[in-house]
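A.B. asks: Swiss-Prot feature annotations, pasted as is:
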BINDING   Lys141, Glu178, Tyr179, Asp187, Arg211, Ser212, Asn213  ATP binding site
BINDING   Asp248, Glu260  Mn(2+) 1 binding site
BINDING   Asp248, Glu260  Mg(2+) 1 binding site
BINDING   Glu260, Asn262  Mn(2+) 2 binding site
BINDING   Glu260, Asn262  Mg(2+) 2 binding site
DOMAIN    104-287  domain 'ATP-grasp'
Amino acid sequence: MKIAILSRDGTLYSCKRLREAAESRKHSVEIIDPLSCYMNINSAAPSVHYRGRRLDKFDAVIPRIGSQITFYGTAVLRQFEMLGSYPLNNSVAVIRARDKLHSLQLLAREGIDLPITGFAHSPDDTGDLIAMVGGAPLVVKLVDGTQGIGVVLAETRQAAESVIDAFRGLNAHILVQEYVHEAQGKDIRCFVIGNRVVAAIERQAKAGEFRSNLHRGGSANKVKITAQERAIAIKAAKTLGLNVAGVDILRADRGPLVMEVNASPGLEGIETTTGLDIADMMIEFIEQKTQRRIATSSTIGKS
């Protein structure tokens with residue numbers, strides 16, 4: 001197979017591991033910076049061009065698109081989909097997952113338990129918004145933030161009002177969420193491929209920090225998840241239409257709560273913690289899906 005990895009930086013751990021896994025399974029791989037792509041959009045002969053050349057068709061595309069380039073990155077991914085390439089995660093699902101508010105609304109509609117979350121526009125609603133999520137302490141999140149950036153713990157009502165007003169002064173869209181005390185700065189990252197949770201780790205925030213993201217100095221350990229946690233992680237990924245997802249879960253007294261679903265989960269933390277070859281599992285999943293596509297096309301052609 002010919003596989004394209006859409007990424008701005010091919011030296012990142014996840015990109016290198018995916019390339020190694022694909023090449024070890026005898027596939028050819030090209031890492032493509034989506035911002036260096038340009039597209040010919042027409043019904044007769046659509047194409048993707050890259051640094052002065054027209055790209056040949058790829059059998060599969062793996063999107064590793066940063067949140068800052070979601071709009072253009074998913075446009076490029078969509079063009080590859082038009083050309084018949086199999087997307088590990090399709091453009092619609094990636095966009096869905098990147099919109100934190102929309103994704104939470106979709107998860108809630110499917111009955112998936114979440115931290116109590118508020119969203120408002122008018123400054124006049126700040127007081128009731130804080131009360132609606134259970135009061136302080138609470139968490140204020142930028143809708144467009146990633147890796148723990150733009151996430152603030154407000155320990156008092158006055159602090160919460162100040163943080164919310166400051167973000168609004170920047171014309172930023174924010175979510176206000178209850179702070180789950182019993183989680184104690186920990187969360188569970190479930191790595192979903194298809195209909196399986198293939199790995200799970202527990203992430204612990206460093207001392208003096210409440211965000212458990214490994215990028216912010218948190219630590220990780222292998223963890224055994226419950227059947228309920230496994231089921232909710234798979235359902236969350238499926239609800240957003242993702243074949244591969246990192247589903248972050250808080251262990252609350254009332255049961256597991258889905259905090260976030262990541263469409264481009266990093267491999268370094270989970271592979272080094274569990275010792276599992278997640279990259280190889282992802283390539284194997286692509287092989288299975290593309291083989292089924294070929295088989296289906298062959299059957300249709302004969303009918």
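Note that Cβ sites are derived from N, Cα and C of the backbone, with glycine treated the same way.
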A.B. asks: Whole-number answer please: how many Å between the C-alpha atoms of Lys141 (ATP binding site) and Asp248 (Mn(2+) 1 binding site)?
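C.D. replies: With the alpha carbons as reference points, the distance is 15 Å.
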A.B. asks: By a simple count, how many Cβ atoms lie within 10 Å of the Cβ of Glu178 (ATP binding site), its own Cβ left out?
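C.D. replies: Glu178 (ATP binding site) is surrounded by 19 other Cβ atoms within 10 Å.
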A.B. asks: Reduce the DSSP letter at Asp248 (Mn(2+) 1 binding site) to three states and note it down.
C.D. replies: strand
A.B. asks: Enumerate same-chain residues with a sequence separation of six or more from Glu260 (Mn(2+) 1 binding site) and a Cβ-Cβ distance below 8 A; give 'none' if the list is empty.
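C.D. replies: Counting only residues 6 or more apart in sequence, the Cβ neighbours of Glu260 (Mn(2+) 1 binding site) under 8 Å are Lys100, Ser103, Val247, Asp248.
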A.B. asks: Determine the Cβ neighbour count for Asp248 (Mn(2+) 1 binding site): the number of other Cβ atoms within 10 Å of its Cβ.
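C.D. replies: Counting Cβ neighbours of Asp248 (Mn(2+) 1 binding site) within 10 Å gives 21.
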A.B. asks: Can you give me the Cα-Cα distance between Glu178 (ATP binding site) and Asn262 (Mn(2+) 2 binding site) in Å, rounded to a whole number?
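C.D. replies: On Cα coordinates alone, these residues lie 20 Å apart.
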A.B. asks: Any idea which of the binding-site residues Asp187, Asn262 has the thinnest Cβ neighbourhood at 10 Å?
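C.D. replies: Asn262, out of the binding-site residues Asp187, Asn262, has the fewest neighbouring Cβ atoms within 10 Å.
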A.B. asks: Taking the Cα atoms as reference points, how far is Tyr179 (ATP binding site) from Asn262 (Mn(2+) 2 binding site) in Å?
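C.D. replies: The separation of the Cα atoms works out to 20 Å.
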A.B. asks: Determine the mean pLDDT over the domain 'ATP-grasp' (104-287), rounding to the nearest whole number.
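C.D. replies: Averaged over the domain 'ATP-grasp' (104-287), per-residue pLDDT gives 89.
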A.B. asks: For Asn262 (Mn(2+) 2 binding site), what is the secondary structure state per DSSP, taken as helix, strand or coil?
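C.D. replies: Reduced to three states, the DSSP call for Asn262 (Mn(2+) 2 binding site) is strand.
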